[in-house]
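Shown next, in structure tokens, is the structure this report addresses.
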């Protein structure tokens, strides 16, 4: 959207890629490896449920609902619906951050690690972290603008599916979290890995949607958020499997294999729709 060549589905493709890459690819590999090495792994059920209770409605409202509303075209939203989605995304994410950092922070700590004391430097104020977040967002936007041109050009030259561009962006964005989460999972710290995985999914949806809708409104560009029918089915299936996988507080190799199967289907559909 910021490169001068409108791409109404880039944000949708990137968000969908993040959801599939994390909840099926990375989570699947982590659970498969953990199940093979440790047989079963445990996590804080309240913490993962807190992520899912925010991710599921946001994913459905942002990526499914636009197909069933009267917007400018299929998959897009009216101006009123866009502003409503901007507000509820920010509010829901704000409430989640409140319970994560204030009232229910114990939800996001592994029950086996509650007495573990981490050594860290002096804590900074909320204002400091807010300003730092804004600075990071500016850098990310500038990098996204710079990378979008070669990525779009490469996809066009290779005659690859347009969704591949979103997948590449998702891989770049998720690389730091993926490294940290995999390292934690290999040390049998599944809760820490899930915090990184699901935290990145929630932040991507809750912050990307308001950003792209606001930019689209300011620049008078169309934004399509609604998924294609096959992708829609895959998203709903993924959310249902996540609900089952993380319903007991323990995981094994079967859970990982199931998520990886869905990730393979996602990759297949990406090129099948070309």
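Including glycine, each Cβ sits where the backbone N, Cα and C put it.
TrEMBL: automatically predicted annotations, no manual curation.
Database features (TrEMBL):
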DOMAIN    2-101  domain 'Sodium/calcium exchanger membrane region'
DOMAIN    131-271  domain 'Sodium/calcium exchanger membrane region'
TRANSMEM  15-36  transmembrane segment
TRANSMEM  48-68  transmembrane segment
TRANSMEM  80-99  transmembrane segment
TRANSMEM  131-151  transmembrane segment
TRANSMEM  163-184  transmembrane segment
TRANSMEM  196-219  transmembrane segment
TRANSMEM  225-246  transmembrane segment
TRANSMEM  253-271  transmembrane segment
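Sequence-distant neighbours of the transmembrane segment (48-68) (same chain, 6+ residues past either end, Cβ-Cβ under 8 Å): 12, 15-16, 19, 74-77, 81, 85, 88-89, 92-93, 96, 99-100, 104, 107-108, 191, 194, 198-199, 201-202, 205-206, 209, 224-227, 232, 235-236, 239, 242-243, 246.
In summary, the transmembrane segment (196-219) does not lie against the transmembrane segment (253-271): fewer than three C-beta pairs, each 6 or more positions apart in sequence, are under 8 Å. As a quick check, the transmembrane segment (225-246) and the transmembrane segment (15-36) clear the bar of 3 or more Cβ pairs under 8 A, pairs 6 or more apart, so the two touch. Residues of the same chain lying 6 or more positions beyond the ends of the transmembrane segment (163-184) and with a Cβ under 8 Å from any Cβ of it are 7, 9-10, 12-18, 21-22, 26, 29-30, 144, 147-148, 151-152, 155, 190, 192-194, 196-197, 199-200, 204, 270, 273.
With a cut-off of 8 Å between Cβ atoms, the residues of this chain six or more beyond the transmembrane segment (15-36) that come close are 59, 62-63, 163, 166-167, 169-171, 173-174, 178, 181-182, 185-186, 188, 190, 193-194, 197-198, 200-201, 204-205, 208-209, 227, 231, 234-235, 238, 242, 245, 251-263, 266.
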